[in-house]
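Database features (TrEMBL):
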TRANSMEM  45-71  transmembrane segment
TRANSMEM  83-107  transmembrane segment
TRANSMEM  119-140  transmembrane segment
TRANSMEM  160-180  transmembrane segment
TRANSMEM  192-215  transmembrane segment
TRANSMEM  235-253  transmembrane segment
TRANSMEM  265-286  transmembrane segment
TRANSMEM  292-318  transmembrane segment
Amino acid sequence: MWFQLSSLRSILNVSTALRQAVVRTPWYAKRKSYKVLFWREITPLAIPIFLENTCVLLMGVLSTFLVSWLGKEAMAGVGLADSFNMVIMAFFAAIDLGTTVVVAFSLGKRDRRRARAAARQSLVIMTLFAVVLAVVIHYFGSEIINIVAGEATPEVKGLALTYLELTVLSYPAAAIALIGSGALRGAGNTKIPLMINGGMNILNIIISSILIYGAFSWQGLGFAGAGLGLTISRYIGAVAIIWVLMIGFNPALRIPLKSYLKPLNFGIIWEVMGIGIPASIESVLFNGGKLLTQMFVAGMGTNVIAGNFIAFSVAALINLPGNALGSASTIITGKRLGTGQIGQA
């Protein structure tokens, strides 16, 4: 009995000592401010970003779902082409991170002109790059599909090529939507990008369904309607982003249409690319690994191709909460550094 009481007393003494040690740490005195930062600043930014990223990811997944009634070959074709498209989207998303950081930092310094210039020039450069990229990929589409599809059946390769040739036309629109959304997030506005990307998904479902399966007496376009519907939806979203920036819904980022014709400031461009390019290399390598796996399973049958793409899409959803918290932290850190609050950053 005495031994048990002695052991209990020792445990309590250790617990008390640990508690006192924690209380003496600098962190303990600031714990309340950390909670306030998380719930009042990070969370309100992270939740819309998480939902927005979910909408971006679902664009391709919804196309797979919409063609599922056309057969497993159609699902496999969309899966193969979208595995390649995801690598391109990952590159655009990484450059959008550079835009977000520069815009947030500039607004933290209360330099609206520089923030607008960063957003405007990122949009111009990435749109031009996306146009060139779309032309190159469209021209070499057959070779790309032959590499990506590997030992897949000729029917699946043909469907994948059709989908790829239609969706590459949406690259400029996707670049505008992603870069514009990144600029708005850098200004602290996460709700507008969420609404636009959510609207694009709804439009994708409606337009693609009509184009694939028809309406009233029209028979529809069949499989090609999936790629065309996604492309149309992205262009509508791109127009919405340009319109939001043009009318100055966020006064800090009011960008008139004629300002896109102004000469480029390469100092700002290199600043954006200095952040975006390293991030894009990391992102492309990560998604390239997924594409490599898809290439390995391409010869295992149509069912395996479709299943692998769906599994990767679900796995990507799991990563979104962490990505959203990272994006929210990036915005807050950029603004704090811009205002000179290095310790709080």
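Yeah, the Cβs are placed from backbone N, Cα and C, and that goes for glycine too.
Residues 56, 60, 114-115, 118-119, 122, 126, 130, 133, 137, 144, 148, 164, 167, 171, 174-175, 178-179, 181-183, 185-188, 252-253, 268, 271-277, 279-284, 286-288, 290-291, 294, 309, 312, 327, 330-335, 337-338 of the same chain sit 6 or more residues outside the transmembrane segment (83-107) yet have a Cβ under 8 Å from a Cβ within it. If you look at the transmembrane segment (265-286) against the transmembrane segment (160-180), you find fewer than three C-beta pairs under 8 angstroms, all six or more positions apart, and that falls short of contact. The stretches the transmembrane segment (45-71) and the transmembrane segment (235-253) are not in mutual contact, being linked by fewer than three Cβ pairs under 8 Å (pairs 6 or more apart in sequence). Counted as Cβ pairs under 8 Å, contacts with the transmembrane segment (119-140) are highest for 160-180 among 160-180, 235-253, 292-318.
Within the chain carrying the transmembrane segment (160-180), a Cβ under 8 angstroms from the stretch's Cβ atoms is held by residues 56, 63, 76-78, 80-82, 84-85, 88-89, 92-93, 95-96, 99, 119, 122-123, 126-127, 129-131, 133-134, 137-138, 141-142, 144-145, 148-149, 152, 193, 196-197, 200, 223-224, 226-228, 230-231, 234-235, 237-238, 241-242, 244-245, all 6 or more beyond its ends.
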